[in-house]
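Student: Pulled the feature table from Swiss-Prot, pasting it below:
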REGION    1-64  region 'Domain I'
REGION    65-143  region 'Domain II'
REGION    144-154  region 'Flexible linker'
REGION    154-204  region 'Domain III'
Amino acid sequence: MIGRLCGTAEQIEDGRCLIDVSGVGYVVFCSARSLAALPAPPARATLLVETQVREDAITLFGFIDAAERDWFRLLTTIQGVGAKVALNLLSALPPDQLASAIAASDRGAITRAPGVGPKLAARLISELRERIAAMPTGSAFIPTGTAPPVAPPQGKLADALSALVNLGYRRAEAEAALSAVQAEAGEDAALDELIRGGLRRLAR
């Protein structure tokens, strides 16, 4: 699994860029915000990366910072929000504005993103409003009186979860399996131990 690319930005096109790393060119799909933050080619560039593995393709999604990457991960847990729609949302609204729109139930702002209609905007607001406090820039936008959300997996657990989701497992199932593995193995369990244990449980 690729987590970061450091190389030369050779091309920047609509919705994607080409990063050369030691002679290998990686096509990376990005939000308009991340693409705008890249230097004019050819120039050194670094992107955080989420890897999506399917039977017919391996797709890379790049982010200029961890906040945008974490929001991409969160958005793609919502039914109806695939990678393309998540990037559209992050192109239309950077993380702080997206958090503000969700907290304020501002469907109009959210539907500015291509592919997001009123029903999907309502679902995003309903399912994410109490979860954004755990996200970068999110804590300032939580309405008073809401219950604190459960923090998402961090560190090695988050990396293991991302690996299992990229292999095609549903996020909720993968998270439950990894929680059980960590409970047995302890907080010091290595990343490969978490992944192998999660795979064993998911294969049952």
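Cβ atoms here come from the backbone N, Cα and C positions, even for glycine.
Could you give the neighbours, burial and distances for every feature on this list?
Tutor: Per DSSP, the region 'Domain I' (1-64) is made up of 6 helix, 40 strand, 18 coil.
Residue counts for the region 'Domain III' (154-204) under DSSP, split into helix (H, G, I), strand (E, B) and coil, are 39 helix, 0 strand, 12 coil.
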